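Per TrEMBL, these features apply:
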DOMAIN    7-122  domain 'C2'
DOMAIN    168-290  domain 'C2'
DOMAIN    329-455  domain 'C2'
DOMAIN    495-618  domain 'C2'
TRANSMEM  717-736  transmembrane segment
TRANSMEM  748-777  transmembrane segment
TRANSMEM  861-890  transmembrane segment
Amino acid sequence: MKVVLPFAGHNQVIFEEIMFRQKLFVEVVSANDLSDSLELLSPCVQLRFADQSFTTSVKRKVRCPVWFEKTLFDVLDKERLPSLALEAYVYNVIDGCQFFLGKIRISGASFSDSSDEIVKDYQLKGRMFKRSKGVLLLRVFLKNEAPVSQVIPSPVLGLPVQAPADAVVKYVQPNFEDGMIVGRICYLFVRVVKARCLPDVDVDQKPDPYVEVNAGNLRSITNSVPEEQNPEWNSTFAFSRRQLDNAQITRIYVVVYDGFTDDSVGLISFDLSDIPERSRNDKPVVPKWHQLIDQSGRTAQGELMLSVWKGMQSDEAFCDSWKSDWLEASGVVRPHIVPKVYNLPRLWCLRVHIVEFKCIALACGSKIVESYVTVVVGCQRKTTKRMKKPLAHYVWDEELTFVAAEPFEDDLQISIQAHLGPGRDKVLGRIIIPVQTVQRRVGGLSSAELEHQWHDLQVPPNAAVANGAGDELTVSSCRVHLTTCLDSEYGAHYGSGDHTDEIANPPLVGLLEVGIIGARGLPPIKRKNGRLSSHPYCVARYGRKWVRTRTIINSRDPLFQEQYSWDVYDTATVLIVGVFDNAQVEESSSGGYKGVNIGKIRIHLSDLQPGRIYCHAYPLLVLQPSGVKKMGELCLSVRFTSKSLTNMVRMYGSPNLPKMHHRDPLQILIEGLQFHAVQIVAFRLSQMDPPLRKEAVEYMCDVQSHLWSMRKSKVNFYRIMSALSIVITFWQRFLYVCSWENPAITLLVHAVFLLALMFHRFILPSTLLFTFFSIVWNYRHRPTHPSHVDIKISLTDTVHPDELDEEFDTFPTSRSSGLTMMRYDRLRCLASRIQTVMGDVASCGERITALTTWRDPTATAVFGLFTLAAAVIMCFTPWKILVAMVGLYIMRHPKLQRKMPSFVWNFYRRLSHKADSVL
């Protein structure tokens, strides 16, 4: 059986040959005198050129094999052609194992440019200590092809794939205070509480007081309180110490003004050196009454209650305070640059079970009408299958599932429609049910216990259906039988790391603390006016809690120093932190702004060691049509603290989905609702203040991760091969032992095998002990930072530009028809390889099944007699002797081995399969 892996060897570039100008044409003709004796061989030839390979078919039991098989190799660099070489290896295939017979090597400098090149014979050479004989006949020449730009014009095919030189996670030396995982940013806080006994403007006019806090060119004001002598403000102002030091400000003034006359009522001044400094663990500073003075320094009428202190961003007053960093932004955009914590609504599964529909046809009830049910919830629309039968009664018994979010503001719209022809649908009846009135399934209520209801439909005045012969059927008294429920037992989530929020009362495992320190090297963004600037902010999501940092105005190296925390119920979840550009800072007045997604990182909580602070700079890598590009670095500090070791151990044995996912799984996959869940979340976040744009939400939720990509298909294939590498390595070493190339190792394996049979009770303990010591040994090489994007695994450094261009193509495609046809043919070629592999696997299973189904009576009878004899022998023979005989037979010396396939393999290959029954 020949299995062709879809991404292995030359098949990996099967259609990339269209993209190059020059090819190396190789035709394997035949081979002679491969063996001194008269034995029959099963040879094959493997060609290798410039990291490309091609293997011919295996010719069974021949002395002089003939192939006449052709292949093409890509010549990527003509200048390096003389330093390259074509290598041909000849193997003898026995029981799936390849035994080396000889090889040849042809220098690239000797390749002919003429397609009339004749067939040449090349003498096979052996390895260093192994002689070889035989002749291999090949035809080799260079073949020129038209460049792709003459066939399919595409400007992206010639673009080189670029990879950033520095795309590794860097360790950052933390310098934090106790209990903090972010650096300290110093602020001067001024809290203005209230005033009393302010003077009147005149006899009939009371003041409209407001307060201005003045620190040089940094100033801000409170709201004006109309006609009040004892106003209250409760406003807090935070002035950056960095800005104060740069401006060399030594005093701060708090001035009370009258809003009616704009005259000063009085002021209070503080020397910065006299202001007390408050640490993180100190008690809040208590406001005090201060006597107002006029500009000449004399006592004025009125008192002002306020407090002044030096603190940092961890102060509880920082979040709700006015910040001097906002002075660079206009008042219109200030609401869009503040930090925010978003608590997303809980998502429910809205299940609508359409049972049947009944109505009265006032004309003839025997007329045949094709009808279906349409259900609409918000932006979600689904339909049942169409049924063609008499109009009076339809039975669907079909369930549709939607996503609903608290609070339930949408309506459930159900309409029965008749299909009259292409583009002709008539509504027979409809009903609108508010989602908030739908019954809720809680507490393990079974589906059979839900309430089934008959609903009367509203029949439109024009509910007349043509039967196709010119008659019309008028309906009335329409009713629909359905079951609706909001199911809390199933979790509808919008990405990885969200399913634990749907489990009722999960045990708390730990606390996740994330410090968003800052970023550096961010790219400037070109604005509509041609100006280059950058206004970055970060968004972190974990579960139903999303956080947004403040926007740093006009900075490519922003410093956030903001700390957030989440409760953790499952460590098999992911924290995602994204960096975005806030285009509203400059373009909010014109509208139609569009921010830029700079990059994001993912951190698996299972990678974190409890109690340890991980402080690293993560590269922001973005895949573009020209290749992967580094957009800067994001510096994060992460700490996971375990609250209960018992809950942590118990978590690994508990299901990560609600119980109903396992007891009564839905007919459809919950993951199919993820797109609608993301749309609901994006809409809700866009309505909050400050709004989070839809593009940012979709970027954080990876809504396009399911789209087709040739690169991702190759990545998944290589991931499978990497996961199976242990099995492949073990099999290769076992074949090496059986080949007796190193007799000492083979004899040692024989001794270990016999000792294991004699002391079989120690096999499992020895295996477990070996595994334990492997774990202890690997502890020295454990990862020092959370996993991050790997360019090598992602194949972004070796992917072809056309595959990247295909990955960024729109849906439906926006490329030219010629380029689309080429990609379609390439996809067909890949699918044919996968189809072949699937057929070979199916044939293997069918051959095994044919052993007992009497499809081949002789083979089934032989197998039946064998099983009977084997059962009798095993009853009277100790199993140790049987295992020893089988093991020693498999590892026997090559002189005792036949060069032909074994009886079992020949018997298996002759079993029947259903490949010939496929049309």
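Glycine is treated like the rest: Cβ placed from N, Cα and C.
Counted as Cβ pairs under 8 Å, contacts with the domain 'C2' (168-290) are highest for 495-618 among 7-122, 329-455, 495-618.
Away from its own ends, the transmembrane segment (748-777) comes close to residues 737, 880, 883-884, 887-888, 891 of its chain (Cβ-Cβ under 8 Å, at least six residues beyond either end). Computed over the domain 'C2' (495-618), the whole-number mean pLDDT of the model equals 85. Mapped onto DSSP classes, the domain 'C2' (329-455) shows 9 helix, 77 strand, 41 coil.
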